[in-house]
């Protein structure tokens, strides 16, 4: 571990910094603001789930204090809305596997499976844009997987499913090899739930990390019995619904993480070096 990292972890309190540290005046601590719009945003955030901290609360980050502002609240709510959209779309589309042929509801679900798939992929894409991951290359990799999967889905539908007058979902079910083209989308989903399970210790997310690839690889290889597939699909549906519902029980700040890290990463290199020098210096040392 470098001297800079050691100093950052041990330093308390942190010295002031013009770009990162909030002023001492309460009115400047990046609250939601005043007026009807601010009050409405705060009510919306509180309605999202239990445990939402006061927006004027100041948290101690690695690189300095930070607080939740209205933009943070909007991003987190949109991130969670994307997950709910993905989960709801998947649950509806997957329910068609358990409804008998000739059932009006089941037939309607199966006919609209491609629309549900598109909505779910869109919700997942929104969440991957707004997800907070400290290591930027990991975030970009998940986004790249999603992009490859979406392009593969469009290509599979246009070049393979449509000429046979079939929908994309039905074509993938009947032609397991098509998983090579749509699979990256689900790989991105697996990466997202893995991150959630790792960061927050969510059991359902941890189990989904294994259920999703096992089911998809089982379908791709052709070695998995249909009964086993249905069982795993049912587990996926149950866990995904729990996962999406529990997101709204978390405090908003949980999905933000340590905001000071993202603020630090956004600084120009010269300002990063200057800040690190301040953090490495003895607490009592004064800077001109």
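Backbone N, Cα and C define each Cβ position, glycine as well.
From a predicted model like this one, the values you see are computed outputs, not experimental measurements.
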Matching range for TrEMBL feature annotation, transmembrane segment, among 52-72, 115-135: 115-135
TrEMBL annotation of transmembrane segment - which of the ranges 8-30, 77-99 it falls on: 77-99
Positions on the same chain near the transmembrane segment (77-99), where near means CB under 8 A and six or more residues out: 44-45, 48, 105-106, 109-110, 112-113, 116-117, 119-127, 130-131, 169, 189, 192, 230, 233-234, 236-237, 240-241, 243-244, 247-248, 255
Residue numbers, six or more beyond the limits of the transmembrane segment (177-194), whose CB comes under 8 Å of its CB atoms: 83, 86, 121, 124, 127-128, 131, 138, 141-143, 145-146, 148-150, 152-153, 155-156, 160, 168, 171, 205-206, 208-209, 212-213, 216, 219-220, 243
Folded-back contacts onto the transmembrane segment (206-224), same chain, C-beta under 8 angstroms, at least six residues removed: 173, 176-177, 179-180, 183, 186-187, 189-190, 193-194, 197, 232-233, 235-236, 239-240, 243
